[in-house]
Amino acid sequence: MSRLEGLRANSSQFTLEGEPFRILGGSIHYFRVPRAYWGDRLLKMKACGLNTLTTYVPWNLHEPERGTFNFQDQLDLKAYVSLAAEMGLWVILRPGPYICAEWDLGGLPSWLLQDKGMQLRTTYPGFVDAVNLYFDKLVSVIKPLMFEEGGPIIAVQVENEYGSYAKDEKYMPFIQNCLQSRGIKELLLTSDNWEGLRYAGMEGVLKTINLQRLSFGALQHLADMQPLKPLMVTEYWSGWFDVWGEHHHVFHAEDMLAVVSEILKRGVSINLYMFHGGTSFGFMNGAMDLGTYKPQVTSYDYDAPLSEAGDCTPKYQLLRNLLSQYHSEPLPVEPTPQKTRAYDPVAIQQHLSLWDSLHFTAKPYRSERPVNMESLPVNNNSGQSYGYTLYETTITSGGTLNSRNNIRDRAMVFVDRQCVGCLDYKTHELALPDGLGEMILSLLVENCGRVNYGKALDEQRKGIVGDILLNHTPLTGFTIFCLDMKPCFMKRLMSSGQWKSGFKSPSIPGFFQARLYVDGPPRDTFIRLPGWGKGVVFVNGQNLGRHWCIGPQLFLYLPGTWLRSGENQIIVFEEQKVDDKILFAENPDHGRTIDVYKLPFCTLL
């Protein structure tokens with residue numbers, strides 16, 4: 001079915017099919033929500049009074065290895081957009097290629113960094129070639145979903161907050177052309193925060209703004225830049241994200257509602273970022289680096305109107321009451337809440353040391369000097385993207401180990417497989433003990449998450465990125481193991497006959513296995529690990545994400561849809577300290593909180 005006129009921005013108000021239209025939008029990322037729950041979350045969006053879904057598209061998930069594309073199962077973008085249409089929602093697509101999103105490398109694939117001269121988000125030939133090949137595939141998936149083709153996509157965003165980056169004046173026109181030359185005819189828009197609006201716009205592309213508070217006359221500033229154009233807040237920040245070792249950000253419902261109410265009173269279109277945050281499952285969290293590297297937590301709850309587990313919060317109720325005033329018909333009935341369950345604690349039954357797991361990895365790589373993760377000859381020569389990398393060499397004496405800040409991002413250091421300390425972006429030196437004869441020096445390096453925003457994007461190679469010195473002499477002769485802990489590795493691990501029973505003197509780092517028996521239908525739950533240190537949790541092979549006792553996040557969300565009735569396998573990879581049990585709770589524990597409304601405005605840019 002072909003339609004005549006989609007979303008237009010030809011006057012001070014949007015029109016859709018020739019009629020005045022106000023975008024009442026919310027962001028939900030399909031890649032942060034288990035597919036079985038997409039319908040529930042979109043139904044709750046519709047029942048809240050929103051009419052438009054926005055979502056990013058993460059290039060790094062859709063092209064995990066160069067030239068290998070995945071739009072299936074959890075990444076079935078077509079199914080997600082089609083489901084939104086079935087719910088009566090319009091869609092604004094934000095395909096990047098860079099998305100930010102507090103997502104590893106802002107959604108860009110790590111294999112781009114194999115090119116030592118790579119300049120991300122520019123018209124550098126290596127980047128342009130990769131974007132073109134990706135957009136060839138992506139547009140073939142999304143074009144049939146455009147309004148013009150009878151689908152629900154009414155607008156497409158050109159890149160994301162490029163005004164804050166602005167390295168190459170030819171880059172944004174290149175991305176615009178990537179879309180239009182492949183047949184995308186819907187309304188194009190950009191979104192920028194206050195500082196990014198200074199960047200020159202493009203002919204025929206609508207500028208929109210991202211903000212949390214109506215300071216500095218931001219909306220009037222946007223109106224002055226684009227006379228007689230509709231105003232839109234593409235990201236109204238309903239909360240904020242968290243980093244390890246700091247506080248959980250909250251934005252009180254009444255404060256949020258006051259700003260949303262004022263935006264709507266002024267006739268402005270709005271999209272709540274996030275309406276439902278979900279979870280950065282696995283190793284997919286990003287990081288901040290505005291002078292200091294700060295990795296983000298696994299939870300992307302965002303203090304959004306729908307919680308990480310999809311519960312309707314007080315924010316949701318207040319928002320629903322407000323938005324109901326902008327509808328002539330009563331809103332749909334609110335879906336019933338999903339039940340959660342605090343399962344009984346489970347005991348650790350078996351364990352396997354890291355050292356005993358190494359033969360389940362890909363063939364180790366030998367190199368005179370250290371090689372960064374992305375340049376390792378694994379994954380069809382697309383390198384290692386995520387997880388841990390183990391570097392081993394032989395030394396003949398102790399002394400001072402100096403990383404020269406070449407550890408990205410954190411390394412546990414072992415001599416003859418005994419932990420002697422940790423190196424990271426703060427700690428660059430470590431004293432190694434003396435011993436007799438040759439000793440094995442091992443550095444277990446974790447990629448804690450690549451920066452997703454700011455000027456440091458090109459410097460996000462992980463692992464060991466340069467020489468490590470022992471007593472001022474560079475170490476050589478490395479054996480390097482890729483520990484990305486992908487499903488194939490976890491399957492080999494689970495089927496191993498080398499697991500040790502009991503819990504006497506377990507080796508750390510190591511893998512620790514427990515079984516959860518579920519009677520009746522599985523329910524959502526929250527894993528608690530109060531006696532543990534730092535690591536990763538897998539349930540039935542699914543990587544739930546990272547845990548770390550420094551908080552603020554003191555739980556991992558375990559969706560009931562990833563459990564089964566009967567026996568379930570839980571594996572914890574643990575680096576630091578272990579307990580003999582795993583606990584479960586009905587509710588999350590976000591740790592210490594801080595109110596974002598009381599933070600300086602500049603910290604939210």
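Cβ from N, Cα, C; glycine included.
Quick look at what TrEMBL lists:
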type	residues	note
DOMAIN	13-325	domain 'Glycoside hydrolase 35 catalytic'
ACT_SITE	Glu161	active site, proton donor
ACT_SITE	Glu235	active site, nucleophile
DOMAIN	383-483	domain 'Beta-galactosidase 1-like first all-beta'
DOMAIN	509-568	domain 'Beta-galactosidase galactose-binding'
Neighbourhood of Glu161 (active site, proton donor) by C-beta distance under 8 A, where only residues 6 or more apart in the same chain count: Cys100, Ser191, Asp192, Asn193, Gly196, Asn210, Tyr453
The domain 'Beta-galactosidase galactose-binding' (509-568) - residue tally per DSSP class, helix then strand then coil: 3 helix, 33 strand, 24 coil
Glu235 (active site, nucleophile) CB neighbourhood, other CB atoms within 10 A: 25
Rounded mean pLDDT for the residues that make up the domain 'Beta-galactosidase 1-like first all-beta' (383-483): 97
Counts by DSSP class (helix H/G/I, strand E/B, coil) across the domain 'Beta-galactosidase 1-like first all-beta' (383-483): 3 helix, 52 strand, 46 coil
